[in-house]
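Note sheet for the following structure.
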Amino acid sequence: MYYGFDVGGTKIEFGAFNEQLERVATERVATPTDDYAKLVETIAGLVHKYDAQFGVEGTVGLGIPGMEDADNGCVLTVNVPAAKGKPLRADLETKLGRAVKVENDANCFALSEAWDDELKEAASVMGLILGTGFGGGLVYEGKVFSGRNHVAGEIGHMRLPIDAWFHLGEKAPLLGCGCGNKGCMDNYLSGRGFELLYEHYYGEKKKAIDIITAQKEGESKAVEHVERFMELLAICFANIFTANDPHVVVLGGGLSNYDLIYEEMPKRVPKHLLSVAKCPKIVKAKHGDSGGVRGAAFLNIK
């Protein structure tokens, strides 16, 4: 039995999956955001509860909005203050008497999609999230690749490539990022970035959904903005694909529901790739909000 936990800022979602990778149990509880001991006890309590229910010791995987320090195993996170700087994995392993795996939630999203029936034969899958932020995860041969420092796939904190700056023109905004740097892709390619760029060029705030609606209706500023954004996305995608060369790319997050992306990227990306390279297949995520739990559980698939 595979147990997965999606540990968020307000709730913890638990899921149990059988050997056929079918979900057989679900539970949601509030996240003890400021009480570390209670956080550990809450997770361990759910594990013990479902061990008893299923009569087996399930494997345990956690997806968190952050990552582990590669050297000391302590958690680096903002959204779950109780876990910040704490050895969450080690403490859970001591309490449960079994191995526990912890991964960034974007990596869990990518792993969930990589184990979908239609994609599980793909040698490599890249998950990209176009949501409040822009991030991703890498899966090779069914396993998350997180790198030496657990930051592989943190593409939101790569800076815009030079051709993207040329595309945005002399008035391109140099946006600051929460990581301390400027010009990170996170602030340009996310749903939030889609809105920030519109505000920068046209001097008015609009929600992404309203901009998209206006574009579909032919409103000139929205049409121009979407054209600019699609080319920006293609340039950045091409740089990312050149570095990682994935077989399949899965898009998640709110902006991934914009169907025009799937029409435009296969046409626009190739001209920014090496001449020998082909644009990978780009598809919409199938598992939505359940992806974090699925991916966390599937961290333990051998």
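Just so you know, glycine gets a Cβ as well, placed from its N, Cα and C.
These figures come from a predicted structure and were not determined experimentally.
Swiss-Prot lists 4-11, 133-140 with the feature ATP binding site. Annotated Zn(2+) binding site per Swiss-Prot: HIS157, CYS177, CYS179, CYS184, in sequence order.
Feature map: Swiss-Prot annotations on the structure.
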residue	record	Cβ contacts under 8 Å, 6 or more apart
GLY4	ATP binding site	PHE14, GLY15, ALA16, PHE17, GLY61, LEU62, GLY63, CYS108, GLY292, VAL293, ARG294, GLY295, ALA296, ALA297, PHE298, LEU299
ASP6	ATP binding site	ILE12, GLU13, GLY15, GLY63, ASP105, CYS108, GLY292, VAL293, ALA296
GLY8	ATP binding site	THR31, PRO65, ASN79, VAL80, ASP105
THR10	ATP binding site	ALA30, THR31, THR33
GLY133	ATP binding site	GLY156, ASP186, SER190, ARG192
GLY135	ATP binding site	ALA106, LEU128, ILE129, GLY153, GLU154, ILE155, GLY156, ASP186
HIS157	Zn(2+) binding site	CYS177, CYS179, ASN181, CYS184, MET185, ASP186
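Listed in chain order, the residues near the Zn(2+) site other than HIS157, CYS177, CYS179, CYS184 are GLY156, ARG159, GLY178, GLY180, ASN181, MET185, ASP186, ASN187, each with its Cβ within 8 Å of the site Cβ centroid. A strand conformation is recorded for VAL139 (ATP binding site) in the three-state DSSP classification.
For the binding-site residues given as VAL139, CYS177, CYS179, CYS184, the lowest number of other CB atoms within 10 Å of the residue's CB is seen at CYS179. Cβ neighbour count for GLY137 (ATP binding site): 31 (other Cβ atoms within 10 Å of its Cβ, all protein chains included). In three-state terms derived from DSSP, HIS157 (Zn(2+) binding site) belongs to a helical segment.
Under the three-state DSSP scheme, GLY8 (ATP binding site) falls in the coil class.
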